[in-house]
């Protein structure tokens, strides 16, 4: 096997009836260790070499005309495998003579008592009595099986597979429902976080506006930096804790927070009163604005039971009531004033001032117009901190 030889080699390569499973190296011509069936071991002068361009030619294979390399395929070196076309006889071969004509009927199955005599004892009384023993029952029935009546049939394969699936994992959930279930809270959380960050800037903006009133025409500078605890130059709205002006900054922020809460409370009460959910019924006895008779402006009769009273009545009589035809907002304002006057008696001292202020309403309006004209360029900066509250007020107005 080790050397080159010009003499034809006898052995595995010379037996052309043995098929070459690979079909690429017929007769081991490309293997330099073999020179079988070669008059000249040199590949360039080997007349039996495999010409690869001829492999693209169409020849007759083992399964009819088709692509068959000239050196043969899985069937070896037969003439048909090498591409030689053989004439197939038109007459089919004769039928086999060792078969009977037609199909024979299926023989009748023997009775169960003959084919499976051991199965007949399952329905016997002795067998059922023996099953009462837990040790015997465990040999025939799995855990949780039933032994009443006849023996249980074979378990359902489909149900068994489904039970395995239920133990290994639940089926895939609807991704659309999962996405909508997660995106909704995430969007609400993002919107709430955005509104929260904007609302937290309201005290700082109002504090800046408040301190700017003390430094008209100049930049506000904290006065506490020249005290015994010197600090770097900073604004009075961002005092460090060691600055003496820090406590005044916290006091201003606290007053601003109370003002914002009062504003939200007033808006909520106005909204509830607008929807008739507050029993606001100001009583003005002896006033000429009252009218006795059928309540045309009331939505609920006097003797009716309503969860949200919206009728302002003084003396209900036979379905009639004394109605005060005033706007609900004025009724709400009077309700707040009466509520505050009871709890804060010093507010009664402001009544003459309020009456005088109302009497000077044209002057007041002119003053307001003048202030708006003066603060017009910076009006947006003053009102911009309250813009995040508008969506909250709108949601309360719609959903309450």
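Backbone N, Cα and C define each Cβ position, glycine as well.
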Candidate annotated in Swiss-Prot as N-linked glycosylation site, out of 233, 320: 320
Swiss-Prot: matching membrane side for residue 106 and residue 341: yes
Range annotated as transmembrane segment - as stated in Swiss-Prot, picked from 254-274, 275-295, 296-316: 254-274
